Every structure is written in structure tokens, then in C-alpha cells.
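**Q** Copied straight from TrEMBL:
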TRANSMEM  31-54  transmembrane segment
TRANSMEM  66-89  transmembrane segment
TRANSMEM  109-142  transmembrane segment
TRANSMEM  154-176  transmembrane segment
TRANSMEM  182-203  transmembrane segment
Amino acid sequence: MDFGGAAMGGAGDAGFDFISWYLEIPVISRLYFTGAFLTTAGCALDIISPFSLYFNFDLIFHQGQIWRLITTYLFFGMFSIDFLFHMYFLVRYCRSLEEGDFRGRTAHFVMMIIFGVTFMTLVAPFVSVHFLGSSLFMMVYVWGRRNEDMRMSFLGVFTFNAPYLPWVMLAFSMLLGHNVTIDAIGILVGHTYYFLEYVYPAVAEIRGWKCKKILEPPRILHWICGTYQEPVHLHQD
């Protein structure tokens, strides 16, 4: 796999059908991509201002501007190469997770996003970062850990296994002089989620602990996502 490979979904192929490609994106990834694109478009057209989107603890919790808890994760800057870069990784790895590990487990995928957003919202007041969308970089971390044997290439210069992808991206951002605080938070959140979702249950099973799943989605989330199944009760005669 090439870190800097072809455009999303083969956009360079002859006869590329954007609508078909868009509709093939799983529903949660599609909703997030659409929200991010429309938010950026709204700012570019001066319909909305970035100043009404950023994370600000006082404005959210003292003045009731609750929407900022959502919009801070949807704005990736104005239309630019950097925006396209973020959209590429958002769609590619968010989609890969939803179609792979979380296929048929939509509620668990939403639970991962809720966990990440909650964790990063709690951390945000302590760091000088106003837009938290890049911290969903955690998806890249989780995807890499779940595809440990996959080989990747960084601009054709060197190859590495998928779990190192977030660290390669972090180092690349540092070389470009970008603030990597939000990327580092994304890695921390991704690692925490990976441990709670994949490592802890295995340890709990081996040691016979009563609580074997910490991040199990509630029934209402399963119901909303259409994955709820009535529990089966076995009756003995």
C-alpha cells in the first residue's frame, strides 16, 4: 500500500462516477464526510463563520453554545491541499474501519466515535487547540493496529507496517512545522480505545473478571443503528 497512493476511490480512473462512489461509503463515514464538507463549504461561502465553530469551554458551558461540541470536529480549514489531505484520510480509514472490523457492528463504530469525542472534549480545555477534527486521527491508529501485517510506503521512500502509520504522519507533520498536539492526542485516544475494546476483554476472559466488556453499546444505540437483537431466553422443561 502506498501512503501517497491514488486518489480516493480511484478518482483518477476514466469514467469515475462521484455519486456512485459517494453512495458506496458506509452510512456513518458518509455522514461525517458530508458534515465536514458542508461545514467547510459554508465557511468558504461566508454563510457561517469559523469563529462560531471552534471549541471554547466558556462559550459552550457558560453561554449554552452547545453546537460547538459538534462543529469543532467538522471544520478542517478552508478548501486547500491540507483540507483535501484530511478528507482523504478521513474517508479512507474511517471507511476501511466501518467496512472491515465494524461491518454489521454500526453501534460499536458509533460507540468508538462517541468515546473519542468524549475523551478529546475532556482534554481540550487543557490544550490550546480550537478545532479537534484532526484528533479523530485516532481512527488511523485503530485501523493500523487492526491491520498489523499490512505493508505501506511513505511517498515511495521507505516501507513500514500499518501500526507505524500514525507515527509516520506525526513525524511528517513535525517536519512541516505543524503543531502536532492534536495528532498526539488522537494517538493517545486511539491507543486507549484499542486497549479497552480489544486487549482488556481478552485479559478479563482469561482472568475470569465479571466485567468483560467496558465499551459495549447501550441497547438504545443498537436500536438507533438498526443492530438491536432481542435477547434469546432458553427455557428448560
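Positions of Cβ are set from backbone N, Cα and C atoms, glycine also.
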**Q** Residues of the same chain, at least six outside the transmembrane segment (182-203), with any C-beta under 8 angstroms of its C-beta?
**A** 112, 115-116, 119-120, 123, 127, 129, 132, 134-142, 145-146, 166-167, 169-170, 173, 209, 212-215
**Q** Using Cβ distances below 8 Å and needing 3 or more such pairs, separated by at least 6 in sequence, tell me whether the transmembrane segment (31-54) contacts the transmembrane segment (109-142).
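**A** Yes, the transmembrane segment (31-54) contacts the transmembrane segment (109-142).
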**Q** With Cβ-Cβ distances below 8 Å as the criterion, list the same-chain residues six or more beyond the ends of the transmembrane segment (66-89) that contact it, or say none.
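**A** Same-chain contacts beyond the ends: 7-8, 33, 35-37, 39-41, 43-44, 50, 52-56, 59-60, 117, 121, 124, 130-134, 136-137, 140.
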